[in-house]
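A.B. asks: Would you mind keeping the following structure in view while I ask a few things?
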Amino acid sequence: MQHQPLCKNNLITGFRYLTQGAGTLLQPGMKRFVLVPILANCIVFVILTLFLFQHFSDIQQWFTDFFPAWGWLSYVVAFLSGLFIFLILLIYGYSFTILTNIIAAPFYGLLAEKIEQRVTGEAIANESMSKMIIRTLRREMIKLSYFITRGLLVLISLFFLSFIPLLNLLAPILAILWGAWVMTLQYIDYPADNHQLPFTSLRQRMKQPHYSSIGFGSTIMFCSMIPVINIFIMPIAVAGGTLFWINELRKNVLDRHTTDYPEQK
C-alpha cells in the first residue's frame, strides 16, 4: 500500500494524515476491523447524545444562576458562559472518545497493526489474542489516568485564567491546544503500544512534531464534538495516527527504543 509522501511537522500534514487514513480504511480486508468499533460507537453515541439533549438546558441554567448580577462585570459572566458551553461540548467529545476507546481498544490495536504491516511491509511480533486484549486495556487505563489528572489541572488553570482581563482570551486557545495534544496521544499510541513502547517514552517523543500534532489532534477534537461525525472519526483517527507514526516517529523511536530496551528485541 503506497501513500503520497507528506512533509513532516506541518499543520496541514496533520490534517492530511486523517484524509489518507480514511482512504486506507476503504482498502480490501480493512472493513472487518472497523465494523465492530463503529457499532460500539453508535451505542455510546445514542446514550451520551440523549443525555446531553435532556440535561443541557438545565446545566446551562445552573451555571447562569451560579453568578449574581455583577453589573459592570457582566461581560465576564457572558465570556464564562460561552467558555462553559465550549467546555460542555469538549467534555461530551472526551466522554464519547474515552468510552468507545476502552470498548474498542483491542480492535483499534489490530487495525493499527494491519495498516502498519501493509504500509511498511514489516510484520509485528505475533501475540496471542488474550495477551493483546489485556495489554491494550491496561494501556487505556494508563492513558485515562494521565488524561484525567492533567486534564483537571488544565481545567482549574483555565477557570482562574478566565477571571484575568486580556489573559482570559488565551483560555479557549489553551483548551484547544490541550485537546489536540490529548487526541494526538490517544491515536498515535495504538501503533506505539503494538511495539510495546512505554507511554512515558511516547509522550517525550511526541513533543517534537508539534505542528503535525496540533493539526492532527485539533481536527479529531472538533470532529468528536459533532454528532454523527464522531461515530466515524475514531477508526479514521486510528488509521491516520498509524500513518503519522510511520512517517514521523517510527524509525527514530524504534531505533532508540531498541537501544534503551534491548530485552524487547
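Using the three backbone atoms N, Cα and C, a Cβ is placed for every residue, glycine included.
Keep in mind that this is a model prediction, so the values were computed, not measured.
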A.B. asks: In TrEMBL, which of 102-122, 144-164 is tagged transmembrane segment?
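C.D. replies: In TrEMBL, residues 144-164 carry the label transmembrane segment.
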A.B. asks: Quickly jot the same-chain residues contacting the transmembrane segment (213-246) by Cβ under 8 Å, restricted to those at least six beyond its ends, or write none.
C.D. replies: 3, 10-15, 17-22, 24-25, 33-34, 37-38, 41-42, 45, 49, 89-90, 92-94, 96-97, 100-101, 104, 108, 111-112, 115-116, 119-120, 176-177, 179-192, 206
